[in-house]
């Protein structure tokens, strides 16, 4: 397979994964947490590159550390989850930038971590992405009920005798894994576009939860593969092309939603007049 | 497995004190609630009504004394207890239908990997019909009125086929129609022998649904039949002089923050 | 023996010019003096604006603004180099403030909406900059800034933009505080929340614009979020939040500059001063957090014997949004009279 075929495969796998995990992120309102985590994996990548390790491994280890720190801070009174995300996000970025500035002669350049380069992904990266995708599908199949219940009504979930901690850990793990495998391809800053975009679009269009994930996966695929094509045609950064395609789909979905609302209002008014 | 005898009380409190950590929210409560009884918890805000309900659910620690629910510990009894929370923090914009919300009540008994089967569907349909929402079963939850959402959550609590039903201020903010629908449901449940414990500000409702009343203000003030307990001196003592209107036998306490 | 070991390290401190010189001498160099002035200006401005970010939980929106200013920086830079940074960033910042105000008012889906705006605008910047030749070094410059290369005219711009941001918040501070502490009460008293929100978001955007040139686009967020978070760990009194936040940000800025100066002069290590400042700021946060957790632990141990249930209610207006409902009500009542 040529590098472009590999890139298309990675884009498709990431798109599908982002559609699934993004739906969970959007329904559980974990967007800021995800953004913080995407930014915070940057130093992990830099450290791994300095040590000559796999970048994915560095990002994975560092994201686990940072999730832990965020959980601690968010439980302290007068701090909360927003402060936790803000602190961890800036910490990650500053640490990455500092390490980067200390090692000017590093072989890996900063844009590898920040905006990624899908054209250089290795078959190994693709295998890991596929593995996380399978994991995400299994989670939705086997823990779908719990995910649904705990997202909709956290209090009721606890009162029904479930342990919210368990499902939270599953969700955090899924988000972290997705963020980490996105990094080589779309970079730590733009991953959120692919995660949030398709899910937001699907939510705007579909009023039923059963259809949200399939539609989000479809939008994720279109964003990934279409964005790659856009980047090739207009010779712009691939990560940027993918992120912009995802955002363009959101805009179309917003427009669709507006038109539908307008029609519904007009037919309601018309009905009243008749 | 603990041996649970059917002739034990529904809820038995012996000098029980409850605390979220720190000073007890509610202390020294001794009461025995028999099966099939309907009990109203009456008291001002912060008097410990919600704390007692959560104590029965095993969500608040018993720091002193003892509590048994259906002959065992609250945790053991949890699956046989239904609960309707006061201000549920449910996400009202969630893309989910009423029926899906009610089905959640069955998740616990399905185990981690099971999916709802025929028995589940029948139970869910029965619960929806019981609260009178059958025509709305497939509407989006967020489109329902506040009162209908409240009834849907009651239906969810009913799908566990509870032996005890706990309700926290179920009548707050309900209009006439929803209020009478809820009253009908509660009365029919009582007729089937379900034990009902409900907190309320509304003494009139306490009289309509309940056989006994428990007056609370950080400790137990009185517990007995509705006729004995909901009398002016006791209620006045419970609300510490914030009772505003007295007319014949209707004593309507005014919650402090509105007074 | 003991006296010797204790005295010998303290000996240099009697020779105070040398000791303090370590901390002050770097700033006799003009570019270092400008860097320090820049950092102090940003510390004061973000300390004041940051209080409202914290009280209203606007951390995510601030992050959105940070990313949304980026395409403005890129367009300005591509169009006319360093001079284009400010105008480009200003236009993008104000547009983003309006867009994000609308997005955040959507209620439930708002955080996802912010994420999309954030990622979309940032990727526009990336796409434009990636068409430039040698874009990696330009990207780095825009993202991580260069506090040491601030020119006198840039410093003037930063001061002006920072002052405007502070003035926006100061002239509306009663409304801002009222909205932050008691949104329902504020609306009931007849204040429309939309203008108040737009003013605050514009002030944050201006501060991001001012800080982007010095600290770099992504590190500005640290100044907006972390100093006030430190202050909230240390005190409950509302009026102390801004001063404490300013002090911690200024301290971190000063120490960061001194460290990077000496590291570069004495050891030849090129540490990005912007990221050093942020790392020191977050170290201060970590110390404050650990101290806070320790104090809380001791306090709960003492509280084992309960005596009263309203122990936080003091004589002074105390602010603890999470616990002290009565203080909140008192503040709210004050506003109803005062505004």
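The backbone N, Cα and C atoms fix where each Cβ goes, glycine too.
As stated in TrEMBL, the feature transmembrane segment covers range C:31-53 out of the listed C:8-30, C:31-53. It is C:242-263, from the ranges C:242-263, C:308-329, that TrEMBL records as transmembrane segment. Sequence-distant contacts of the transmembrane segment (C:60-79) (same chain, six or more residues past either end, CB-CB distance under 8 Å): 53, 85-93, 95-97, 99-100, 103-104, 111, 114-115, 117-119, 121-122, 124-125, 128-129, 132, 138, 142-143, 201, 204-205, 208-209, 212, 217-218, 220-221, 224-225. Long-range contacts of the transmembrane segment (C:112-130) within its own chain (CB-CB distance under 8 A, at least 6 residues past either end) are made by residues 60-61, 63-64, 67-68, 70-75, 78, 92, 96, 99-100, 103-104, 106, 138-139, 142.
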